Amino acid sequence: MSLRPRHTPPRAATPPREEEPYNIIPVHNLLADHPSLRFPEVRAAVAALRAVGNLRRPPFGQWRPHMDLLDWLAIFFGFQKDNVRNQREHLVLHLANAQMRLTPPPDNIDTLDATVLRRFRKKLLKNYSSWCSYLGKKSNIWISDNRRVGDPDLRRELLFVSLYLLIWGEAANLRFVPECICYIFHNMAGELNRILEDYIDENTGQPVMPSISGENAFLNFVVKPIYETIRCEVDNSRNGTAPHSAWRNYDDINEYFWSRRCFEKLKWPPDVGSNFFVTVGKGKHVGKTGFVEQRSFWNLFRSFDRLWIMLVLFLQAAIIVAWEEKTYPWQALEDRTVQVRVLTILFTWSGMRFLQSLLDVGMQYRLVSRETKMLGVRMVLKCIVAAAWIVVFGVFYGRIWTQRNHDKKWSKQANDRVVNFLEVVFVFIIPELLAIALFILPWIRNFVENTNWRIFYMLSWWFQSRSFVGRGLREGLVDNIKYSFFWVLVLATKFCFSYFLQIKPMIAPTKAVLDLKNVEYEWHQFFHDSNRFAAGLLWVPVLLIYLMDIQIWYSIYSSFAGAVVGLFAHLGEIRNMQQLKLRFQFFASAIQFNLMPEEQLLNATGTLKSKFKDAIHRLKLRYGLGRPYRKLESNQVEANKFALIWNEIILSFREEDIISDKEVELLELPQNSWNVRVIRWPCFLLCNELLLALSQAKELVNDTDKRLYNKICKSEYRRCAVIEAYDSVKHLLSVIIKANSEEHSIVTVLFQEIDHSLEIEKFTKTFTTTALPQLHSKLIKLVDLLNKPVKDPNQVVNTLQALYEIAIRDLFKDRRDPKQLEDDGLAPRNPASGLLFENAVQLPDTSNENFYRQVRRLHTILTSRDSMQNIPINLEARRRIAFFSNSLFMNMPHAPQVEKMMSFSVLTPYYSEEVIYSKEQLRTENEDGVSILYYLQTIYDDEWKNFVERMRREGMIKDSDMWTDKLRDLRLWASYRGQTLSRTVRGMMYYYRALKMLAFLDSASEMDIREGSRELVSMRQDNLGSFNSESLPSSKNLSRASSSVSLLFKGHEYGTALMKFTYVVACQIYGTQKEKKDPHAEEILYLMKNNEALRVAYVDEKTTGRDEKEYYSVLVKYDQQLEKEVEIYRVKLPGPLKLGEGKPENQNHAIIFTRGDAVQTIDMNQDNYFEEALKMRNLLEEYRHYYGIRKPTILGVREHIFTGSVSSLAWFMSAQETSFVTLGQRVLANPLKVRMHYGHPDVFDRFWFLTRGGISKASRVINISEDIFAGFNCTLRGGNVTHHEYVQVGKGRDVGLNQVSMFEAKVASGNGEQILSRDVYRLGHRLDFFRMLSFFYTTVGFFFNTMMVVLTVYAFLWGRLYLALSGIENAMESNSDNNKALGTILNQQFVIQLGLFTALPMIVENSLEHGFLQAIWDFLTMQLQLSSVFYTFSMGTRSHFFGRTILHGGAKYRATGRGFVVEHKSFAEIYRLFSRSHFVKAIELGLILVIYATHSPVATDTFVYIALTITSWFLVASWVVAPFMFNPSGFDWLKTVYDFDDFMNWIWYSGSVFAKAEQSWERWWYEEQDHLKVTGLWGKLLEIILDLRFFFFQYGIVYQLGISAGNSSIAVYLLSWIYVVVVSGIYAVVVYARNKYSAKEHIYYRLVQFLVIIVAILVIVALLEFTEFKFVDILTSLLAFLPTGWGLILIAQVFRPFLQSTIIWNGVVAVSRLYDILFGVIVMTPVALLSWLPGFQNMQTRILFNEAFSRGLRISQIVTGKKSQS
């Protein structure tokens, strides 16, 4: 079997089989030397595949003896060779892993176990079988499911599984259409059965052959035609700008296979003539299937109709009841008239149903075709029935009132008619009652929806169209009760609040306004004597708030629910190092209990008894009952295992430079040496303990041993410190005094006496405890001497002599004479032989690192006085230790052994972001003279010091070497602090490292670990140089590979870890990058070289013919033997990869190379930690537990946002985000059961998703927020999403305001697209009422309600303006009630606007995890750093983009950029980004406020005016100033001046056609209108209607001018238009003159200007003289006419297709330019003013950055001397 040619020098023969490159296991060569092949399970799986047995050999293609079942299938059906190799390894790995996990293990370990295979087949083909039963087709898997295990059955199972995997592995973009794959599999499995059963072909008389076969036949004849169809449809979408209803996206293609017509029309092999393949032309092509996405706000009503019906009906009933003005609603309801009036809500209800059915027809009519007639019939019938109900209610309701009016009272007959009406109502609500009954009994509902019986189908036909997804979504009873209770609470609160504080207070003012008589209108009133319009305006803001305030109540209640769930999960019990110290004793047992597998006996773990034992054990651990640490000393192996794990964690901290070498010594658990009898706790726990023990000994001078010892033993650490210090001193003296000298024996005797006295408990009787402090100080001196770099033996001798003196003289209670001492062996026999100790001292060599390390430890124990609360100094290190230790006391499943754990892989999509920062990037300075490296050094100053220390230890002599020898380390150090690929890869490769270590610990015997810890101690001497920089740097450096534990590995750990974990990075354009010699490619290669479990998948383009290209999915790895990159698989694709959104397509092409049961999707901006990786095998066990009535399919994991330290803005962003990814997600998962998939660290059940459309959706534009659709898809297909808080993954977020706004714009427009999608529509209808509410308010509803808040401000201000200008306000002034009601509304709106309801979850989450006071303090700090300004601003961003996307579309993926150097953004750039979304709107609102201030009678009372409008002014100010507030050096006077020049240059730039929007105003102006190109007719109409509001200014103000002289006829308004026309005329004349004369005959041009000015002056003088014109009118009229001009321009933009060719368009462009200059100046004014004020810039820097950086920034600015000036 020859290989495809490799890119190597050509050889004569094909390379032998052994050299074939492999991915993880060399499956093709079982004799190779590879650690994974030692598992019998792997060999069993390969053997099973090779058992071809007596199958009929394929007639064409050579059959070789080594071929297996996959080759057999490939030759028959024409699969690609590399697809076969890829799936062979995939299958072998999976079956081997599954067999390893079997408990109890199978009897025969060398053959594949049948149950493993059957389970896998059922899981893999589950979706296929349910599809078959849904369509009423018989499944083509011909296998009897009884337990009789026959050999042919095993082979059949393997054939079916392999066939499915081979189809899936080559389906390319068809993996997004899972039911299409089912269709292909169905037909191919049928043909496979025919071959297996040896059918004879009727036509030829030969045995049956598949209908497609030959080389690459499957790709060319099955995949390609369908792929081409999808591709044509995508081309029809005009790059996503065509309306969604005009082309079929992935979902439409997929849903074609949900009806039986696919069998009739498509046939097999696919009939290319079928109308399914017709795309262009209206001929007989298949239109949309299943759903039509129409762009409209009505989608909100259509998808969530039940919610709106509830809100509207309550509002109507509440107004009717409140109208009576009784104190309580039930008092009003005693009246029969009110009761009957309340019944009118049924008209509203039936009306809304009618509306819903009309909308269905209007939006979904494209679904109806010849093949789907019944759909059309049902739509029409629904409309008719809904209309009929309105009529029926009308008739019956009318009869009630005719009777009542006839009888003049509520007589018996009238009451009877009420009863009749109620009977009709009962019929109307039967379906609702049925739904409630099924809601209470969820399992019945699930049964009815999941069984495909015709009778159920007939019954439900009327209510919802039948669809393959969204069936049986009900949760179990317990969950049902939990979330129902939550929502009943929320709704009860909301409705009470709405009734008493919103609706009731509005009734009196409304009546007052309606009763106003003879109002003096100040303008031409079209409807006299009716103030209904004014009353309506009062109500609008109230109604808007009424519709959105469930969001506020949800936010409040969910915060508390989240806190409760978090408390029960034991979050935040260990917050800091103090709390860790208290619990560190149980920490070892917790690690043992959670991270080490128990000895798995044969009894199963799921029994009640074992669960109960677990619970008891956890309680003991958590509260330290039964003192588990006592066990530690006796059972030394446990202690050693704990020490290995803990030290490895500390070591990984050191490698990341978040702790220093000194801290490593304080934190690590030293291995047992020096014959110490107790467990040696880390130094930071033992600090101060010895001194406390000494003082206790001094106090209790005359007490017995027992009392003293008990007193010391009260603190475990104190006991250990005392014993360790004693044992260490004993050992130390025996080491530094020569072994067979006389002095040595003296010391030995002394210690023997002490030991003896301790044994008989006579220590205090024999020795004076008061002498101990003297001994202590001398010992300190001795240890100090030993610690010095240059040791002085004489001083050591002196100190030893002093110690001897104290011991002999002061220590013993009864003094002995020299003779006695000699006899006892405590004095030298021969005093003449010189001074004691003079010749006996022998200090160990300085290279004996281990010895001196212990001496340093002893020194710490003897001397430390502080309590070391701030070890480690780095906050990140503290947070990580605290989180890790806390998580070990939380509930998590038991860890299996590594061999028995589920295997998993990690997938990261990558395009062209940074991999590792280059030298140039680190050094280049921005205009403030700040380089990336300088910036990182100031923000992470302690980590930089640790880095330099580590480099010195590794042999760096002077700091300048950093840019030469140590350049790679330096670049990595910086990259690990940005959002780079190298950071992500390092984080994910911790999984591999952790698995290797855990595999070692699983299999290591006691001896290994004991010996190991001894060896490590001796090896440490080479590894860590000494800490004193004076000593020579050690030769061997501490590289990543030589981490302590890895030195003990036996070799099999690698094999185990490789089988369980693989990391695939989908670098889409790596191939192109290699060709272009892009540095990114080299860096990716460097990453592969250093991480053996890393694989890179990319798309390779090969040019074949003239214009033809072939595309391949390629997987590469770095081969450590050959020392080069080798290509493993190359699977041909049917065409270019990217048909839909880029990221999901990129994930989808690489997913065939992932392995394992689970896949974790990790984004480019994430990070991981070693200690978290240790818990991965626990997390994967969650797949075995039921959550509710289902096992999980997505495991959610919490994230930690690591970019919060950069600036205050990044802090706000990360605080908001953190509360969402922790508290928000926690509530969604439990109790609400609607968590979808948001964050990226989620872990997917791989085989579940791979058969159901992959881990994201990819249709253009509609799936722009691709990841959440994976969650929608999962929920709709009956999956279950959970959330687990004992594991965390790091995540980066955007930092600058521009990036943050781009990100929010992306999310908001993504949500705008979701509203149109079928997924949201189906969830809105298929979930039960309460889950539907949770779903709405946490996804789309959140953005909708944000928009409502902004609309409330608009509605309120426009309403006030109307009242002020029309004169109604004058008439109302006597009635002050309405201001109270408005006050309530405004306060509510203000609460939202300040971001308080986004802040509440943050406060609650913070107080849960960091303590209440800390949380309040953080919150106040945020307010002082102007967080509310930021939240108000971002609210504007969200509502602008969300609203615009729903109206006009035009959502696009915005690459937010992951940079972090904070640089000053120019005014022009800020203006481009925010002018339409914020500035123009703020100016409009500001204008209204100014006019209101000048023209309203209320405004004369300053206090009332301020109270009414302060919130609105705050909004306006935030929207204008925020971008400059959060712009570094935003208020620097010089920069402001330059910025303004730059802005004017940009506006007047008249450059080339090819200018970018960044250079030319005109180009930008056209780009801002792009959304109007793609919008539909309704979008344009709505846009025009909204723009008409600008004409109202003119209408209102003209009548206020002096010149109108109080006349209120319509003529005044019409005359004012003359002014507009005249101004336009003059402008046209001047422009004409300029164009004609200004170049050649300039004098004429000046003359025209002169004439215009003269005429203008004459006109003004004439007006002043002959009319009531006042001079102020000139200014006032500006307020009137500027908005008119703006409105005209906006309308002209809508009509651009008609106007662009005419002469008018040039005028429009010119005037727009003037408007933009005006807006620019208005926005610039406050900024310039603030820049001009002294001291403001410093204050802003203080607000924006932390102290260190702002100091550094100021210094660097002084140093660089403001480069821009030079």
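Heads up, the Cβ atoms here are built off N, Cα and C, so glycines get one too.
These figures come from a predicted structure and were not determined experimentally.
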Name the residue range among 1-20, 401-420 that TrEMBL annotates as region 'Disordered'. 1-20
At a Cβ cut-off of 8 Å, and with pairs 6 or more apart in sequence only, do we get at least 3 pairs between the transmembrane segment (1671-1694) and the transmembrane segment (1610-1631), yes or no? yes
In the domain '1,3-beta-glucan synthase component FKS1-like' (155-271), how many residues does DSSP put in helix, strand and coil? 78 helix, 2 strand, 37 coil
Long-range Cβ contacts under 8 Å made by the transmembrane segment (1643-1664), restricted to residues 6 or more beyond its ends, are 1603, 1626, 1629-1630, 1633-1634, 1636-1637, 1671, 1674
Mean per-residue pLDDT in the domain '1,3-beta-glucan synthase component FKS1-like' (155-271) works out to 91
Cβ under 8 Å to the transmembrane segment (531-548), counting only same-chain residues 6 or more beyond its ends: which ones? 311, 315, 498, 502-503, 506, 509-510, 513-514, 516, 519, 1344-1345, 1348-1349, 1351-1352, 1355-1356, 1358-1359, 1362-1363, 1366, 1368, 1378, 1381-1382, 1385, 1388-1389
